[in-house]
Amino acid sequence: MPEDRPIEDSPPIGEAQTDAPAGGCPAGFGRIKPPVAGGSNRDWWPNQLNLKILQKNPDVINPLDEDFDYRSAVQNLDVDALRADIVEVMHTSQDWWPADFGHYGPLFIRMAWHAAGTYRVSDGRGGAGAGMQRFAPLNSWPDNASLDKARRLLWPVKKKYGKNLSWADLIVYAGNVALEDMGFRTAGFAFGREDRWEPEEDVYWGPEQEWLDDKRYTGERDLENPLAAVQMGLIYVNPEGPNGNPDPQASAIDIRETFGRMAMNDVETAALIVGGHTFGKTHGNGDASLVGPEPEAAPLEEVGLGWRNPQGTGVGKDAITSGLEVTWTHTPTKWDNSFLEILYGNEWELTKSPAGANQWKPKDNGWANSVPLAHEDGKTHPSMLTSDLALRVDPIYEQITRRWLDHPEELAEEFAKAWFKLLHRDMGPVTRYLGPEVPKDTWLWQDNIPAGNDLSDDEVAKLKELIADSGLTVSQLVSTAWKAASTFRSSDLRGGANGGRIRLQPQLGWEANEPDELAQVVRKYEEIQKASGINVSFADLVVLGGNVGVEKAAKAAGFDVTVPFTPGRGDATQEETDVDSFAYLEPKADGFRNYLGKGSDLPAEFKLIDRANLLGLSAPEMTTLVGGLRVLDVNHGGTKHGVLTDKPGALTTDFFVNLLDMSTAWKPSPADDGTYIGTDRATGSPKWTGTRVDLVFASNSQLRALAEVYAEDDSKEKFVKDFVAAWTKVMDADRFDVA
């Protein structure tokens, strides 16, 4: 993170800096309308549901061959040769962007840090796992200024290894190699991140419309969820201090909040700051207001680069990235303990960078002429950021870092672990880690699951019979499997039924999981598990039970189906489960079961789309699951909202048929609780009740089109088939151990 303050006075997001006259439109500049007729639907109806997020990364935009499998290809990578090529790049300074101190390592560390550091634990979004730093908005965030050059420096490496090395892997591996080349011993590295080919449109980065604006706080300093940065376009905190106020203690509050929101504790936070700021420098040797537009707003001739600096050479000693001009240590390309030695070896006074940014220098000319200049002979004094001094003034951070001052080996160990966590937090379980540098050590945050057992066809058949005869209802079987599997997040590949954590805390006590009823079902499954004499995991039993429920429901609707089942799930223990970390997976809403928790900040139908998105579902898959789960009577609390059938427990198309029936008139409930009453249009007698999630399948034009398909007379068998396919997709979403 050696460069983490954005350029001030940036234009509004998406708007280029230009001298175009009012009303004029010089070619390639200004705010021009794309070649489409009129505004988009979103312009006309800004509150419209965005179903496009349910069709992310379609195959049609992927230029690679249909049968190409990156996770297989990357295992053929010559990692030693790749490492050597990255090292050569780091030591070969280019005139178009000269290396600070003759080494691009610190720049690559910052690139990797800022790629991974967008991760946030609340919804699992962000992170380095898909190479999103290449695309807007991240490629143009003020905090990512000059990282366009870092990626461009690595293009010859990417070009050489082609499709066998993703940008997502290369960006973070280059940072890892940089640390090791400068003398640090990392904990290892895992390959396996697959590139995507379009920006992520489903990530909420904040309400602001201008870079560095701050409209995300309420109260004294309450940061809006799920955000994990203090201003639009920053990765974490403003290194000058909150909103530029150079108050180290206030900065410590922001640091703890933002790093905590990306799953780092105090020790990990301190280690990342100290370790990252052991290397390199920041850039602010000039007037930051003169720097050109970011890559997405830059003219075509910049060929994807941005932030052109017209002052002096514009690069090297004249470079401007953050507006801060700080070199922390006298050995900026070597791992040592000098950052802490300098931080605690001086008293500090506030000063200004050449760009006018708040930073700190030693009092009384301390450590004068001890820090090298990056691009010319001579030396200067060290400098610090407000966020650096926070480590010294905050009592908790001070206790941690003062110990490291005397025990640098402990700092090295903690930084290695925290850096590995930073780069791999969004990769999912260790079964997804690939390559020769995967560490043997495992950590609690990886949500580790012991290997499960295979089951024979006869064993599966016996277990299904025991479940069917257990007295558990279709609703109990299906809802329990859904509660377990639907915790899965495609964003960071956490959650899911594997591990059997539905029987453990915190999931066993979640309000959304109806703890009293869930405890009864868990006990029944444990009885079956013991009585069967079969070495079956609790996790497998829950999914198999859900399948039994679906098969029963299909038979009640007149169809004999066998729901696909792949055994092999393992059972985690309570000791292998980080209760605090898993708490972030607790559903605040689950439209599939008509559950809406207290204090929801969005209408229920928007929450449904978000949950379907995290589950990796398409709009048709979401539609079939909602319609099917309604008639299977699995609503939270046993409510009858949306159970539009007189045959609950049968997998029929009744939800769609009755929802679209024009003999029913709907109106809001007098209770004003977000529910609706459906009455007979002729007699006025009540027929049904529903929620916003139910009625949206008749109200939204796209969802209605899907609902109509399943309401048609010839769709009964198709619906059962489609429901089973979507159900199986959710049940197996976390099965990274099988093809």
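Even glycines carry a Cβ here, placed using N, Cα and C.
Now, the feature entries from Swiss-Prot:
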ACT_SITE  His114  active site, proton acceptor
BINDING   His277  heme b binding site
REGION    1-33  region 'Disordered'
SITE      Arg110  site 'Transition state stabilizer'
Integer Å distance between the CA atoms belonging to Arg110 (site 'Transition state stabilizer') and the residue listed as 'heme b binding site': 10
Count the Cβ atoms, other than its own, that fall within 10 Å of the Cβ of the residue listed as 'active site, proton acceptor', considering every protein chain shown. 25
Students should find that the Cβ of Arg110 (site 'Transition state stabilizer') has, within 10 Å, a number of other Cβ atoms equal to 28
